Amino acid sequence: MAGRPAPKKGANKAASPAQTNNNKRKSNPSKEPSSKKAKVAPVAAKGGKKSAKAAAPQDDSEDDESWAYGAVSGSDDSEIEEMDDEFVSAEEGSDIEVGALNDDFLGDEFAESDEESKGPGAAMFGSDDEDEEGQGEEEDEEDIFASNSEDDSDEDDMEAKSRKLDAAAQAEAEEAEAEMQTNIMLESDKYVLPGDDHEILQSTDLQVVQARIQEIVRVLNNFRDMREGNRSRNDYISQLLKDLCLYYGYNEYLMEKLFYIFPVSEAIEFFEANEVPRPVTIRTNTLKTRRRELAQSLINRGVNLDPVGKWSKVGLQVFDSPVPIGATPEYLAGHYMLQAASSFLPVMALAPQEHERVLDMASAPGGKSTYIAALLKNTGMVFANDANKDRTKSLVANIHRLGVKNAVVCNYDGREFPGVIGGFDRVLLDAPCSGTGVISKDASVKTNKSEQDFQMLSQLQKQLILAAIDSVDAGSKTGGYIVYSTCSVTVDENEDVVNYALKKRPNVKLVSTGLDFGKEGFTRFREKVFHPSISLTRRYYPHMHNMDGFYVAKFKKVSNKIPKKEDNVDLDEEEEFTPIVEEATKRNRGGKKSPGAAAKAVEEVEQIGFNANEDEELIRASQAKLLQTQKGIKLRPKKSA
């Protein structure tokens, strides 16, 4: 091998550094493990001067690594002759031919520059002019690659894959950045509101309507920068209300009434929440069981449930049940009541104490009345009243099923109290309302409520709350409280009614409900200004608290004195307190009451109170006076026995 001819300079010039690096990647010994050139490569990579040890024949007992390093010395003459023929054929060619073959033919060990190489065997047999630091490191690296060729192939593949992944990640990041910039540009674009005759505006496609709603909401949230030309805010709101009516199915009057209660974005959340049913909740009947025991019994039946929240000690939220939750043995045994979480709140605010007398003015179907009885632990007395006689059937059934023993069921118009009976320690008035907080349960509310309905309901609620206040005994040692609640979110039925009661009954004041969550009541709403203490009331929304829309207010009665005309209270008003009569359906609500009749009615009500010994006589006397005043009927005095 020492007699091999040196290659021409043209061949060395053709092997540029770039090609040398490229060919080093291509020359992988693992691809041709049986090739003679593959066995020569480790010796060439060994570098340095030829040593006697490298030239000496190797023993067959040596390991694979020693075989790789001693491959040249152990080869026979025929192999060397074949290699010589390859070098001769390369020498006989022209400079262009040798350059064309490049390192693919000669191998990495022969890809040397003219300045570093003195022949094709310089890398194999060593060179005195080598740079020991740079060349030695390169040769050691080649030695490592040659000794573990298969691992080198895997590492090369992994390195290539890693570079591809890095490139893909970088491209994805650049694309995301470009998309973000595009979104920012789109958000800064001004939305052009279509004209009245525009086909897009007339479209009833819900997807088009939804897209327009989102655009208008985006403009209203940043109106100063996003509005179009001289368009006013009312232009955008007017179009938004029309689109919301079309998309969610409300009538225009109710949509406008509900829309202005919330900020724009929150209003959309409220309407969306009304499309989703609220979670099913049950209340543990503590007269018969405890919540832990009830939960374990239902879990054993395959019911998936959790506590309704930290604010309630008796509520459970049911996620899934393999059996009807209203037909389990536990339900039939009276261990729980199917009850909305929002209806827990007024009873919790009322907080009845044992041995008290409590009135529930609108109690059917009995969820709140039985909860009051459970808090009283079957002591005292609960008057469960409802104006609808048909609904009292379900009320009686639930009272018996839940094991309530201290309840009295009655059927009176709530406005007749305290004429029926008074002097209660606490009164709960869950007033009849429009149901705008329970739209998810009754979608008909969206279309069947008009302005006349709200006016009628508001007047009824004002009459009921005055009757509730007058039915409470301010001298109660433990009570004297009134709780007013509705399942509505409108201001007309909530803050407006409470503010009216504060004006008409200065002997009451608002106190904290004791509920540690919920939004404060409005003290200002559009053009209306209410009493500052109304901030003590609480509002609940489906999109915020995941329960039905609800309102709770709590009063404390400080005196039993009812204000008269001389106390600077205006009694000549259309919505004045309605006197008690025998039949509420025959009331005359059409015009104003004369000051004399109203004052007389107030005096009569003032005389009515609760006394166990004289109760019957007082009721009869009051009815006689009222019948004579209203209908001209004079009752005969009752004969003594």
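Cβ from N, Cα, C; glycine included.
TrEMBL does not curate its annotations; it predicts them automatically.
The active site, nucleophile feature in TrEMBL is assigned to Cys487. Residues annotated as S-adenosyl-L-methionine binding site in TrEMBL: Ala362, Ser363, Ala364, Pro365, Gly366, Gly367, Lys368, Asp386, Asp413, Asp430. The compositional bias 'Basic residues' annotation in TrEMBL covers 1-11. The compositional bias 'Acidic residues' feature in TrEMBL is assigned to 76-95, 105-115, 127-158. The domain 'SAM-dependent MTase RsmB/NOP-type' annotation in TrEMBL covers 270-558. The region 'Disordered' feature in TrEMBL is assigned to 1-178.
The two recorded residues, Cys487 (active site, nucleophile) and Lys368 (S-adenosyl-L-methionine binding site), have Cα atoms 13 Å apart. A mean pLDDT of 94 is what the model gives for the domain 'SAM-dependent MTase RsmB/NOP-type' (270-558). In the structure as shown, the Cβ atom of Asp413 (S-adenosyl-L-methionine binding site) sits within 10 Å of 23 other Cβ atoms. Annotation for the recorded positions Ala362, Ala364, Cys487: lowest Cβ count within 10 Å of the residue's own Cβ, Ala362. All protein chains shown were included, and the count of other CB atoms within 10 Å of the CB of Lys368 (S-adenosyl-L-methionine binding site) stands at 27. Taken over all pairs of the listed S-adenosyl-L-methionine-binding residues (Ala362, Ser363, Ala364, Pro365, Gly366, Gly367, Lys368, Asp386, Asp413, Asp430), the Cα spread reaches a maximum of 19 Å, rounded to the nearest whole number.
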